[in-house]
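Asks: From Swiss-Prot, for reference:
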type	residues	note
ACT_SITE	131	active site, charge relay system
ACT_SITE	205	active site, charge relay system
ACT_SITE	538	active site, charge relay system
DOMAIN	46-99	domain 'Inhibitor I9'
DOMAIN	103-606	domain 'Peptidase S8'
DOMAIN	377-457	domain 'PA'
CARBOHYD	191	N-linked glycosylation site
CARBOHYD	578	N-linked glycosylation site
SIGNAL	1-20	signal peptide
């Protein structure tokens, strides 16, 4: 020990050297072995600051979920420090992005009975929301009739621009903001003309997600008359702690997100909701992904972490937030829509959607034009300064979706003199429609309808059109449908772990909004609205966060893995027409790569019968199984670990509520794989479950034993699932996989289902 201290002191005695003064400095995150701190230093901060000429270069110091710091240095300086014997990992700070009513009823939540009643609406569970902050004055954040703040709470309400501790109450019990990473990365720092250097929300996204997860009942809620009714979150009595890590027009930096994880765990949250991902970190391994690292630190302390699956669907392998200790949520529609039809001069009425609330067209027909007819893609996309006013003035303009915000295209049309817009999906979005609060009369139509409108505009000598805005309609069928934008599997890092885990409402969701910007978020939008309607996996994630709060309140002893298992094994696989779930982008039946285990069903999740628990040691074994060594794993776990030396474990044996059998592409002929699962009985003490197998096409699946007997003395039973397939004959199809399931029945009300995925691919 003395010799290692001497080595460290010798290393520290050298001044920090800049190898290239001309290099631009940037923020790097340094993962440090906290146990290596020499005893001469009173704190880790003092130790870290000895590495730099100026203490001001340190951005954050991390203590709770992560030992280390972030600092502004040159790449060569970062490489130099990488050789320090106490440095476990170094990674560059990266920018992430946000994954941007009626949904509680659609999830089966009802007053006076079921999970709301059993959990007392999530009373006293604390949800930490990592987002753009919060607008505390909204009715959704009233603390009327709430009890005192839970005594275990250790957080604070920070002061800043237009925010003070007085803005917190018994509902919003904590509010912090993390700006040091942004201030270091952005020239001139945060733009205070459009942002608040405080927890106050200048974007709206954080207010929306917070109220979706835990908003109070707000009567007579609507967005300019759309979706009128009672707005409420999934867990109306849960407490909210806002952690502002994302900044308007600047995104979210890893260094700030990691600092928020550190604070949230220290503060005492029970659930973390993080509708953030993608950006530069979309394919990073777990040990270089601060969201994965921070969420492991949280999960290891018993905190449930819910994250969004990303909005890059419907492309395969587009799902983000892949770590197995995170619950990854895709997006689906609900049974409410806002129809706005495009009416053509030839009499055809084509289905569309819109949230336009201005002066309607009242059936008046206008000339219609498609700028893309000339072959200029930028004009077809209605990009800034691409439309010829002579061509579009006084006309309805057909714009292709993509490359710029949907509502911004309408503003371009308006500036060029157009009177309206029809926004047409491309093939990638298919028939997936999202309502927007347009500034001009406008509607969105699917790919097929868009092609019809373009064909009409190009073939008719005097094409004309109008838009009919039809308000709000509920009871839409089919619903739910997997949103075309929702991130899809397979899991690009660990294909043995099916992602997303499940889907939840994420299309046209009504929730609270900021006063700082209008409903479009555009600087030119002067409108104010208490509520807004948004779509994205960002909106789906807080539904599961709120659901976790309800389950945690009803079952305080459940671990994060048990809560996720309860949700995953009790999902719905059919829509409200009693048909298989549909993929919005294709109109065809969806697969587990689209929806994971299925659609969240809170009525059944409260009493799942059997659950699959996962311990910290199980996660460590999983990390060993994918080839990580002890030092690499320590980057994630904080503490030293050991991997098995006799036999390498299989990643498929992680006790996950889904099963994926991955065979290498060079394995030809008859192959098989066996995985082990251990079920824990949380239902009646005396129970017998029997297995029912739905084998994937061309695959044989066996379960041993086929019968699980539980008693008051025996609450856990293990079973083996063996998958056998002839890779020469099996047809994997467009997805590259075939799908089945294993379901356990007790003869009563419990149906415990796990999807089975069989695929061939070579893991990284």
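Note: Cβ is positioned from N, Cα and C throughout, glycine not excepted.
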Asks: Between residue 205 (active site, charge relay system) and residue 131 (active site, charge relay system), how many Å separate their Cα atoms?
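Replies: Pair distance, Cα basis, whole Å: 7 Å.
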Asks: When DSSP is mapped onto helix/strand/coil, what comes out for residue 205 (active site, charge relay system)?
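Replies: DSSP assigns residue 205 (active site, charge relay system) to helix.
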Asks: Using all protein chains shown, find which of the recorded positions 131, 191, 205 scores highest when you count other CB atoms within 10 A of its CB.
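Replies: Of 131, 191, 205, the one with the most crowded Cβ is 131.
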Asks: Going by Cα-Cα distance, pick out whichever of the recorded positions 191, 538, 578 is nearest to residue 131 (active site, charge relay system).
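Replies: Its closest listed neighbour, by Cα, is 538.
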Asks: Can you tell me how far the Cα of residue 538 (active site, charge relay system) sits from the Cα of residue 578 (N-linked glycosylation site), in Å?
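Replies: It is 27 Å, counting Cα to Cα.
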Asks: What count of other C-beta atoms do you get within 10 angstroms of the C-beta of residue 578 (N-linked glycosylation site), across all chains shown?
Replies: 8
Asks: DSSP on the domain 'Inhibitor I9' (46-99): how many residues come out helix, how many strand, how many coil?
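Replies: Tallying H, G and I as helix, E and B as strand, the rest coil: 15 helix, 21 strand, 18 coil.
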Asks: Could you give the Cα-Cα distance between residue 191 (N-linked glycosylation site) and residue 578 (N-linked glycosylation site), in whole Å?
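Replies: So the Cα of residue 578 (N-linked glycosylation site) lies 51 Å away from that of residue 191 (N-linked glycosylation site).
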Asks: Starting from the Cβ of residue 538 (active site, charge relay system), draw a 10 Å sphere and report how many other Cβ atoms land inside it.
Replies: 31
Asks: Within the domain 'PA' (377-457), count helix residues (DSSP H, G, I), strand residues (E, B) and coil residues, in that order.
Replies: 29 helix, 16 strand, 36 coil
